[in-house]
Amino acid sequence: MSSSIPSVIVCGSQTIPPSRETLDNLASYLTKSPNPELKAVREVLLALPELWAELKATEPQFQALSDEPIITFRDWFLRHDTGSEYEDNIYNLSHLKIHERLPNILLAPLTVIIHIAQYSQYLDGLGLDDSDDCHVHIRQSTSSRNTTDIGPKFQGLCIGSLSAAALDASPTRTALAQNATAAVKLALCIGAYVDSQRLADSGSSSYSEMACFISRWGADCCREMVEEMLSRYPEAYISVELDYNSITITAPSGDMPSLQEDLSREGVRVANVPVNGRYHHSNNGRSLQSLLQLCCSDPCGPFWVPWGQDRLERYLRSILTEPAGWFSDMSETINSITPSETQMPMTTLELGLVSCIPPSLAALPRHHIIRGSLSPPTQPYNYPDTSIAIIGAACKYPGANSLDELWNIFAAGQVMYGEAPPGRFGKETVAGNFLSDADQFDYGLFGISPREAMYMDPQQRIALQVAYQAVESSGYFGSPNPDGDVGCYIGVGNSDYEDNVHSNTPTAYSFTGTSRAFVSGRISHYFKWTGPSITIDTACSSSAAAIHQACSGIILGDCSVALAGGVNIMSSFPADQNIAAAGMTNSTGPCRPFGADATGYSRGEGCGLIVLKRLADALSQGDNVLGVVVATAVNQSDGSSSITVPVLRSQSDLYRRVLSRASMKASDVSYVEAHGTGTQRGDPIEYQGAREVFGSSGRYQAKSHKVYIGSVKANIGHTEAASGVAGVLKVLLMLKHGQIPPQASFTSLNPAIPPSESGQISIATQLEKWKRNFRAACVNNYGAAGNNTAIIICQHPPKTLPSSTNTAQTLTRYPFLITAQSQVSVRRYCLALAQYIETNSKPLSLAAAFSLVAQQQNRNLRHRIAFCASSLPELWRLLTFHAQAAEDTSVLLPPSPRKQVKPIVLVFGGQTGSTLQFSKAVYDSSYHLRQNMDKCDALIQEMGLPSFFPDIFSQEPIEDIVILHSCLFSVQYAYAKAWLDAGLSVHRVIGHSFGQLTAMCISGVLTLENALILVIGRANLIRDCWGEEKGSMLSVQIDRAGAEALAWSESSLGDDSIEVACYNGPNSHVLVGSELAITNVERRASTASLATKRLKTTHGFHSKLVDAIMEQYSNLAHIVSYNAPVIPIETCSETASWKIFTPQLVTEHSRRPVYFCDAVRRVERDLGPCIWLEAGSSSGAVILAKQSLTSKSNYICGLQLGSPSTNPLDSVVDTTLELWNQGSSVQCWAYNPRDLVHPSHFLGLPGYQFDTSPHWLPCATTDHNKSNDPSPVIDGLISLERLSRPEPRVSIFELDQKDWTLAHILRGREVLGGILWPLALYMGLISRAAALLTSSIPSASRLIRFAGLEIKTPLGSDLLNGLCLRLKQVEAWSWGFSLESDCARHATGTVIVDDERTSRPPDHLSSLPDFATATTVFSAPRGVAYKLLEKVAEYDTAYRGLESISMNEDTAIARVHLPPAAGNSRFVGNTITLDQFLLVAEIHALSMEDSKRSEVFACSGFGETTISANFMRATERDRGQTWQVYTRQSAKRGREFLYDTFVYEAGEGEESGSLALALTGARFIRTSTSALQQVVELANTPSRSPVTEEIAPSPNFLQFQEGSANVWSLTVNLLHELTGCALEEISPQTILADMGMDSLAIMEIEARIREVFNVDIRISPVDMGSTVEIICERITAQTSPSHGLVNVVGNSTSNTTSSSSQCTPSSSFESDSDTQATELSLSAPTMEKVARVVATHVGSGEAVLSSSRLHSLGLDSLAVLELQSDLHVNFGVRVHLMQLDCSTTIGDLHALVMRRGVRENIYNGAV
C-alpha cells in the first residue's frame, strides 16, 4: 500500500477548456459522491450565480462582465444534479457551449473544482476504509518523506496553488471541505479581476488580447538569446519558468506571430497555451490589494479565506503579480524527499487537465508519476449482510502449482493439453490436461506412513497439500490460537484409484484410502477442525456446490470459517473410456468453448480450494480479503431435455435468483465465467442464458461497460469436480490484476450461437484491462446430472488504514522465521521466497515481506531458520544463502530441528526507582501493547486518576507514588499481555515485591479491575498514611548468614532496626531501615569491603515501616476477590508457594521479606531448566533470577527498551529471535503484521514447499492377453521391479544378466584372462535407470551427473542371484544408488539428472584446465597404446576407439573415435566409447617411470562426473564421431593416483568443441597383478561365500543370518514402512506410541506380521506402550527355527549370509559368544603390528589409529584383497574382508585377527 502513496502532490495551472466527456464525468462524480469535500464543492458550484452577484456588488469594475457563462454552467449542472438516472442526463449537454476562450471567471474556479474532484477520486481508489480519513494518511505520508519540517508537500502552479493551499491547510477531510470552498470562491475572484483587466485594456487604442505560449530551446540556443529577443517586444514578458530550458511567455496576441517566428528561426520550439489575460504581472498590484481586502476583512463574509493574511498574500502574489519560478520550486521539493531505504520509486500525484511537471524532473530515475483522472462514477456497492469473504486460496492444476503460475497460463492464453504422464494408465495412451506429479506426496508433513500413503487416493493426497497451502495463505497459522470451528466442504466426483487399490491385496488402508468421505475427513482431522466435514458429488459442479454449501454453513452458524473447493485426478483407463463412450469428450484436442471448431471437452485434473469467512468478521479481524462471495444459488434443470444437457430457462432463472440475493442489477456484472465445456449442444444454451440476463439489449451499454464471457476449460481442460473452483480462482486473479485474459483457442464464434447485438457480450481474444470501477463476476458451473450452481464474486471492500501509520518508518529490522517439517522444505521455501522477491512485479517493501511470511508460517513444524533483515536486498541475500545449503551442505549447517521448548517463566520486577522505561515507539508500533495500555489507562481514569499519557513516555521522575505505581503496573501488565496475546505459552509467573501484584493479575488470581483497585489503593495508603520516616533500602553482596548477621548487629547498636527485605540470591540481599540506620550499615559494609548499592526506592518496603498502613491495607485487600490461578504463580514466600490466595497473605506480602531466591529455585526444581523472560523493561529481575539458578541450561531473556543506545523495537525483535531459537512459537508483537501489506500480495506469495516422494500403487491388469508383469521394461536389460515399496522414495530395478547387450559389451574386453565389468558399464546402467525416472525431461536435454561412485565388489561373468539396482531419492532428480546382489554390494554413489536448458554448470566445471601449453614427451599410435594395456586388459579390434595419444609427466591428450562394435544401440555405443575415454588415464598411469612390470592400475571410482546430452545421443547422430580427450594427474597419495578427464567433441559440426564429458577425481590404485588376478577370479567364480570362511566378524559388524534378520530387520522395516519413522531412529527401546501408530496402523502391522512371519501377534491399546524389542521377543517366541534368532558364534564352522544394509542393534539380541568376544582384551603390540600392515597399503602418511576407518584411509576392494593376503602372511590368519562395512575400523580388524585364536603364535614372535 505504501508504494502508491505519493511523496508530492502537484496541482496544475489553469485548465484548458474541458471536453464534454470530462465535464460529464465531473458532474456525475460531484452529484453522486458522498465525500464531504465534494458535497461542499457541489454546494458552492450551485451557488455560483449568487456569489457572482455579491462579488459584482463589491467591485464596480465587474459590472461590465457577463453573467451568462456562470449561470449557464450552474443551470447545466443543476439539471444533472436533479436527474434520476445517469443515462437520462448524458445527452442533456447541448445547451452548454464550450468555446476555446472561456472567460477566466469560469475557467479559474473550474480548475480548482477539477483538482479537488480528481484528488477525491484518487483517495477513493486507494482501497482504504471510508471510515478512515485517507487525506490524513496522505498528509502524514508526505510529511514523513520530507527531510525538513519547512517546505511544501503540496505544490501548485498559478491557479493550481489555490488547490494546493486548500489541501495543505486541511488537517482532515472535513477541513478540506471548508478550504476547498474557499479556494473555489477565491478562484472566481481572481478570474473576475483578470477578466475585468482584459476588458479595461480593450478600451485602449493600442489594445491587443494577451495570450500565452510555451518556448523550449535546445543545446544550440540559450535563455539569454530568448530574453534578448523578448526585449524587442515591450509588452511581452516571461510569466512562468517551466524547466531549465523552457518558459511560458505572455504577449499581446498581435505580437505573437512575429515573436514566435523570430524564436523559431533560432531553433526555439513554441506551442500555444489557451490562457487569456494577464497573470504573473506587476500591473495586477491593485487587484491584489483589493482581493486581500475582500478576503480578509470580514470573517463572516462570503469570501472569507481562513488561511491568514500573510499566507494568502503569498499565494495571490504567485498568481497575479510575480513570475512563477516553477522549475526552482519543484526542484527544491523533489530534492527534499528522503530517498527510500528500500529504493522504492518516488511517487508524484499530478492533478488537473494540464501536465506541468518539468520534463527534466519527470524523467528522473525511479520517479513515478500518477496522473489524476475523472472516470465515470459508480454508486458504492452495499455488501449484503450474508456476504462471505475469500481470505485464502491455493491450487494445483496442469502446469500450475501456484496461483501465480495459473494466472500466467490464463494471461498468455496457454493450453495445457497433452499426453498423460508415462505409466499413469499402464501402456495405454490417453490425452488430456494432466498433472505431471500426481503421484508425489509429502507424507512426513501430514504424519502419514509411506505405506498408507501408497493406498491413499491421490485425490486425498493432493487435496491435503492444497488445503495446507490455502489455509496457510489465509493467515490461519499466523494466529496464536487458531479457531477449530472450521468446516470442510470438498467436491469429489470419480474415485479412479479404486481400480489400483482393488487390484492389489486388501490392507487396513484399502477402504480409508479410497472412500471419498475421507477426502474432506482427512483434512479436518489433520487440522483438528470441529466444523462440518462433507464430501459433495454433483458431478462436474461438485466444487461450486461445495462452495455454496460452505457459504450456507457459515451463514447458518454451522462453522465460522470454511474450506471449500474440489479435486479431480484421473488414473483409470476404463473410467476414461466410459466418459468417451458417452460422447462428451473431444478426441481431436483441447476444449474450445464457444468456438466454431468446438467438438467436446478434453478432461483435466487438478485441485482448487478457497478459505471462506463472513465478510463482517473478516474485516473486523483484519483478514486479507481477496474477493467477496456476495451470493450463491443452486437449482436443478427442469427435465425438459436430456439429463446431461443444460436447460436455458433453468440457467437464466438461476442467474436472476443469484442477482437478487446479491442485491445487484444485471449491469453490475461485467464478466461471466461460464461452464463452457466446448460442446455443440451445451455452449449455445449457456451463452444464450448469459446473454438473456447479463447482456439484454435494453441495457445501456457504454463502451467501457462491455460484458465478457469466458471459460477456464480452454486453458486447463474440464477438471470436472474441480472445475467450478477453477473458475472462482480465475475471477480472483482477474480482480487482483484488473485484467480479463484472452480465451484460449478461440478464433470465431460457434455458428449455433446467434451473434450478439451491439456487442452485448464479448469474448476476449487478448489480455484486456477490466474497465470497471466496481468489478463483479458471475461463475456458472453445471453438473452433468442436472445441477446448476451460480456464484457472484466481486472485489473486496476498501481495506482499513493501519492504526499506526508511521510504523514502517520506525523499524530498522524485521525478524523472519521460516519453518517446515523437513530441512528440504525449509530450503526450498527460502529459494521460492527469494525468487518471489526478485521477480514480483509489484514493489514489495520489507515490512510487507515480513507480514506475508509472519502470517503464513506454521511455527509448530519440526525445522526452522530464524534471522533478521534490515532491507529487502539483505532479506534476499539471506534467503538465497540459506537456499543454497540445499545443494551445498558446506555452506551452512542444516536448518535446526525445533527444540523441545523449555518451560517459560514470566518474571515481574519490583519498584527500582521513580522513573519508568517505557518506549513511545513500541507503544505506537505494537497493536497488542497499545491495546492493553489503553485498557489500563481507561480504568485508571474511571477510578479518578488522570490519564498517564503522554507523561508515561517521559523518563523524568514521577513524584506521585500513586501515579508511579499505576504506571508501573500498567507497563508490566501490558508487556506480559503482549507476549501472551502473541502466543507465548507461559508455565509459571513470578513477581519480585511489587511485581507479585502484577503477576497475580496475569495469572488470573486478580481481574484487571481488582488488581488496579489493589495497586492504586495501596499506593494511596503509602502516600497518605506512611509515617514520617520513609526508610531506605541497601543492596549488599553477601551470603544469607552474613546479611542476617549484619542486620542483627546493626539493630543491636541502637534503636533503629535493620531487616533483610529481599533474599535476591545466594550472595545478594537487600537491607531496609531508616535513612540513618542504612547510612551506618553502608559505612560498616564499606569498611568490610562489601559491595553495596543504595536503591532508588521511594520507601523502605518489607519492613516495620509498612506497619503504619497494614490495617487499612488489610481492609482494602478484603474488598477484592481472589480466583484460582489460570497460570501457576510462584509467590516469593520462604518455604513454599501459597496454595490459596487470601486477603491476609496479600497484606502480609508487603510486610514480609521477599524470598525471591527461594522461589526461583523452587521453580527450577519443579520445572527443570527454563526460559526466564522479563515482563517489563530493564528492571533487572531476570538478572536476579539468573544469580539464583543452579543449572546453566536455563535461558535468560530481558528487554532493553529504555536504553538510549538501543532501538527499543530492535530489543523486541532480538528477544523474539532468541525465543524462536529456543523453539518457541511466539509471534513478534512489536507491530501488527496484518497492517503492513495489501491483500493482493497474498495471491502471489509462494506457499509451503513440499518434500515429496512418489506414492503410486500399480494397477494389476485383468486382461489375460496381456503380460502379468506391469513393469516398464527398457530393451530387456533393465526393468523397474518396484517403486516406493517397501521403502519410500526407493525404486528397485532388476538387471537381466543374460541380456545380449551386456554380453556384447563384455565380449570385447578381457582382463587377465577373465571378465571384469568396466566402470563405464556401471555408469551406463545407472544412467538408464535415472532416465526412466525422469521421463519428463527430453532426452535431448537430459544431463547426467555422478558423485562419489565407488566400486565395492567388482562384477564379472558370474551370474548372481538377485542382482538389482536400488535408487533412493534424496532430492528432486537426485538419487543415491546401490548396485547389489544377494551376496554383496557392488557399487554405490549418487546420480543426478538435470535439464541442460535450465541448470547451471556444476561446480567442478567452473574452471576447466588449460591443456594448450602442455608439452608432449611421449606419443604413441593406436597399436602401441593398446600394447601398453596388454598386461591388464586386451581389447578386440572392433572395440578399440583410441586413435593416438600424447603424454608428458602429468598430462595425456588422445583422440578417440566411435568403435565399430558400438552398433546401432545408443546404450552399447555410449558404454563402449565411455570405456575408451577412461583408458587414457590408465595408459598414462601405466607409462609412468616408476611403474613396475608386476604392477597394474585399476580404477575403483571417481569424485564427480558430468555427461552431456550431446554425448548420450552421439552414436545416433554420426557414425564417424570423434572426440578429443584431455587427462591430467591431479593428485598422488601413496598407492592412489587421482586423474581428471575432459572430453570434447571434435570435427567440424555445430557441436564441435562442446564438452561431452567431465570426470574428476578418478581413483587409480597401484596394485600387483596377482591381487588383481584374485579380484578377477572372485568375480568369475560361482557360489562365492559372502562374508567369512574361517573367521566370524567382530561385534561391530555382526549381522544376522538370513533367518534371524527376518525378526529384527524385517520388523524394523515393517515399522518404517507403516509409520514413516527413519530406520536409524528405530531402536529396541523405541515405544510404539511414540512412532505415531494409530488403530489402522496397528491392524496393518498385525496383518503384515502374519504375512511375513506366519505368527499371530495381537497388539492391544495397552501394548502401545511396548517397545520394539518386546514385539520382536513376542515374534521370536512364536517363530519356527527358520525364523528364530540364531546366534552368530565365532568358530570356523559358522557360515553367515549378510544383508549389507541391515545390522543388528547393540541390545539384548547379542549372543553370549558375541558378548565374550566383545570382552576380549586387546593387545597393544598386536594392534601396532596390524596398524603397520595396514599402513603399508595406505601409503598416504596419514596416522593409522585404532579408530581409523579402513574406508576413510582409501582402502578399496583391490587394496583390501592385498591386505587380506598380507594378514595371512603376517598372522597366519586367512580372512575374507570384501564384505566389511564402511564403518570398519583398525580396532575391528584387530579383533578379527584375535578371534582366530592365534595369540600365542603372535606373542612368541612367529611373524
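Cβ coordinates come from backbone N, Cα and C, glycine included.
What Swiss-Prot lists as domain 'Starter acyltransferase (SAT)' is 107-280. The annotation domain 'Ketosynthase family 3 (KS3)' is assigned in Swiss-Prot to 385-795. Here Swiss-Prot flags C540, H675, H718 as active site, for beta-ketoacyl synthase activity, drawing on sequence analysis. Swiss-Prot lists 919-1176 with the feature domain 'Malonyl-CoA:ACP transacylase (MAT)', giving sequence analysis as the kind of evidence. Marked as active site, proton acceptor by Swiss-Prot: H1304. Marked as active site, proton donor by Swiss-Prot on the basis of sequence analysis: D1475. What Swiss-Prot records for 1690-1720 is region 'Disordered'. The compositional bias 'Low complexity' annotation in Swiss-Prot covers 1692-1710.
Within the same chain, the residues at least 6 positions away from H718 (active site, for beta-ketoacyl synthase activity) whose Cβ sits under 8 Å from its Cβ are C540, C591, Y601, S602, R603, G604, T677, listed in sequence order.
For the active-site residues H675, H1304, the ranking by surrounding Cβ atoms (within 10 Å, all protein chains) places H675 first. In this structure, the C-alpha atom of H675 (active site, for beta-ketoacyl synthase activity) lies 59 angstrom from that of D1475 (active site, proton donor). Counting only same-chain residues six or more apart in sequence, the Cβ atoms lying under 8 angstroms from the Cβ of the residue listed as 'active site, proton donor' belong to R1309, P1318, L1319, A1320, L1321. Counting every protein chain shown, 30 other Cβ atoms lie within 10 Å of the Cβ of C540 (active site, for beta-ketoacyl synthase activity). Secondary structure from DSSP puts H1304 (active site, proton acceptor) in a helix. According to its DSSP assignment, C540 (active site, for beta-ketoacyl synthase activity) is in a strand.
Within the model, the domain 'Malonyl-CoA:ACP transacylase (MAT)' (919-1176) carries an average pLDDT of 94. In this structure, the residue listed as 'active site, proton donor' is part of a helix by DSSP.
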